[in-house]
Amino acid sequence: MNNLVYLIPFFPLLGFLINGLFRKSLNKPLIGIIGSGSILASFVVSLLLFFQVKSNGALPVQPLFSFIDVESFKIAFAFQVDQLSSLFLLIITGIGFLIHLYSTSYMHDEPAEHFGRYFAYLNLFVFSMLLLVLGANYVIMFIGWEGVGLCSYLLIGFWFKNNNYNYAAKKAFVMNRIGDLGFLLAVFWILAKLGTVEYYEVFAQTAKLSNADIFGITILLFIGATGKSAQIPLYTWLPDAMAGPTPVSALIHAATMVTAGIYMIARSNILYTMAPVTQVIIAVIGLATAVFAATIALKQNDIKKVLAYSTVSQLGYMFLGLGVGAYTGAVFHVMTHAFFKALLFLGAGSVIHAMGGEQDIRKMGGLAKKMPQTNWTFLVACFAIAGVPPLSGFFSKDEILAAAFEKNSLLYYIGVAGALMTAFYMFRLYAMTFLGQFRGTHEQEHHLHESPAAMTIPLIVLAILAAVGGLIGIPEAILPNAHKLEAFLEPVFEQSTRYVHEAHTVSHSTELMLMGVVTVIIIGVIVAAWRKFSKYQYSDAEETGLGKVLENKWYVDEIYDAVIVNPLLKLAGFLKNVVEKSGIDGIVNGVGRFVGYSARQLRLLQSGQVGNYILFMVLSLVVLFLVFWNETIISEFLKKIF
Amino acid sequence: MPIQYYIALAACLFCIGIIGVLTRRNAIIIFMCIELMLNATNLLLVAFSKMYHGPAFAADATSTAGIDGQLFVFFIMVVAAAEVSVGLAIIVMMYRNVHSVDINFLNRLKN
């Protein structure tokens, strides 16, 4: 039974190889079946393993082969399936399958070759993501970590003929690389101090690490997470990553890859629990990102950009959860967010598909009548992300905010402000897209249609999950012992809970009261946004004041360009034009020129005159004679003779 | 006669040969100068051979000390004879082709 673990990443790898190698000879239906089928097979295996883990606890580490073996330094290519990774396996393969299924229809207009390339990349992505969560040590996680980064790059730049998309892909790659360096340094640090990178061994030996070591390692790992999971200051790549096909945004940039940072920190939870300073930094950065991105989302007009900033914001909440020690809450939010954000992106994809590529919500409106299924699933997702009980987002967000309240009520209030903004921009998005009058062209209006079943079925499944997914984590304040997820994940975070051993200080009645108040305010915000934007009329009037700043994303991209990118480009230009051209090229070409010149001069010696040659020969002999003139030998010789 | 005389004579002959080779352009004269140099060495070999062999022979009639020098002389003569035949043939061919024995015409391998 344990051998099944290898099958999980094997199927997507196989799908990647078949689709990648034979994309020119396979036809589209077959590519779709191979691409989605491989993920479905992984999902079935993951489900089997999940139930096994649920009943028997974590499986033993499964070494596959020796990856690095130098003297005493050994790293095994090993897989580990415990509660945390089995949960992630389900999210990745389950949602991954739905999105693959959706893609077969969404990408149908692509030529077969690109269709095959798309599914090959997507399968490779799932394979890398599975490596990331299955790895039993940091090195395997890093392989997956880099693999998902690569696939993200490839898929953002999937329509590589558009140069802007290529820039977006490059931006994502470079931003991720900055974070990856932090991750890599942290792994080296662990290796230097403990001599091992296996999770079990590292977490068992945390006592050997000094506080400074733990602080350094956790901060560097967190820098890695800020890159991958789009946190301040490295978040700017994620909104640009919307250049990729919409299902890619749903899978990679909402449901799975961007949560890799949360997975990594949840995996290393004991290290973070032992580093309270890092925890504070994570909580502050997470909260800042959550609120900051939410403010930007308020004023975006591109349907995918709103969702992208919303993703950044929700990831910020997850980091807030990690920072305040609510590891279960963060993982819970990863799960519910995967449901409703994948649903939102797929719904947006369905809308974009119907609108013939239009992404500007100012030019939409009134789609509810034309696209009933997309409409109600999108609405469910909006309620879920806004945190309306009893939909999934309510429970997970509440758990994080409750934990924040326990730590520091200021964190809580700012977090709630962010949550209100979330409700506002989501219903602004919903109302502008689905309600009111249609504001597009007549052609678009004529073309409007509900998406085919391959696209609506994933929407419906995800809508059900987004609606009821939260019920596995009902807080104790509402229903005692109903938090099934916490009980399930308990062994993973056991070490941290033992380390903290802190009792809950907030009474259930306070918690319930806060919950109720926040819910009422959120519903009020939803109603306000609904009423305001369902009557939205298109206008060309430019935003002014704060609105303009928000529409331009606080000018963060411009600031980065001015402070980092342009100076770097200038430096690169200086190196290229001055150092390279006159320095290095000068040396290299100078050597060549010198050899050429001296050869031309020496060539004159070879006159072709026999007399010259003989003269040189005689002169050389005389020179040799003089050089090897040795007084003693000659005089002895002469003495012998005379 | 003391050996010095032989050495001086051989050195003179050798230098005449070298200077002749370097300064003359007529291939036949150059050829003769080369022969002159060869014979200068031959003369030296014979002289040194006699110098070593004489006292050794006086002490022991069966001694062969120093006679290898004379052997070399024969070798050189044989090789020189062969060389002369080849060299003269080249000069004849050269004359047939360019109607001259001036070695400055022999720069056709240039370029």
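For all residues, glycine too, the Cβ spot is worked out from N, Cα and C.
Automated prediction, rather than curation, is the source of TrEMBL annotations.
Per TrEMBL, the feature transmembrane segment maps to A:6-22, A:29-51, A:84-103, A:115-134, A:140-160, A:214-236, A:248-266, A:272-294, A:334-355, A:410-431, A:452-474, A:610-629 (among others). Under the heading domain 'NADH-Ubiquinone oxidoreductase (complex I) chain 5 N-terminal', TrEMBL lists A:68-119. The domain 'NADH:quinone oxidoreductase/Mrp antiporter transmembrane' annotation in TrEMBL covers A:137-421.
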Are the transmembrane segment (A:140-160) and the transmembrane segment (A:334-355) close enough that 3 or more Cβ pairs fall under 8 Å, when only pairs 6 or more apart in sequence count? no
Same-chain residues at least 6 beyond the ends of the transmembrane segment (A:610-629) with a Cβ under 8 Å from one of its Cβ atoms are none
Do you know the mean pLDDT across the domain 'NADH-Ubiquinone oxidoreductase (complex I) chain 5 N-terminal' (A:68-119)? 90
Could you pull out which residues elsewhere in the chain have a CB under 8 Å from any CB of the transmembrane segment (A:115-134), counting only those six or more residues past its ends? 5, 8-9, 12-13, 15-16, 19-20, 22-24, 26, 28, 31-32, 34-35, 38-39, 42, 79-81, 84-85, 88-89, 92-93, 96, 99-100, 103, 107-108, 140-141, 143-148, 150-152, 154-155, 158, 245, 248, 251-252, 256-257, 260, 263
Short question: most Cβ pairs under 8 Å with the transmembrane segment (A:272-294), which of A:140-160, A:214-236, A:410-431, A:452-474? A:214-236
Can you work out which residues elsewhere in the same chain, 6+ from the ends of the transmembrane segment (A:410-431), have a Cβ less than 8 Å from its Cβ atoms? 283, 287, 290-291, 294-295, 297-298, 300, 303, 306-307, 309-310, 313-314, 316-317, 320, 324, 361, 378-379, 382, 385-387, 397, 400-401, 404, 514, 518, 521-522, 525-526, 528-530, 532-534, 536
Per DSSP, what is the helix/strand/coil residue tally across the domain 'NADH-Ubiquinone oxidoreductase (complex I) chain 5 N-terminal' (A:68-119)? 32 helix, 10 strand, 10 coil
Result, the transmembrane segment (A:84-103) in contact with the transmembrane segment (A:452-474) (3+ CB pairs under 8 Å): yes
For the transmembrane segment (A:84-103), sequence-distant contacts whose Cβ falls under 8 Å of one of its Cβ atoms, 6 or more beyond its ends: 8, 32, 35-36, 39-40, 42-43, 46-47, 49-50, 53-54, 118-119, 122, 126, 129-130, 133-134, 245, 247, 250-251, 255-256, 263, 266-267, 331, 334-335, 338-339, 342, 346, 349, 454-455, 457-459, 461-462, 488-489, 492
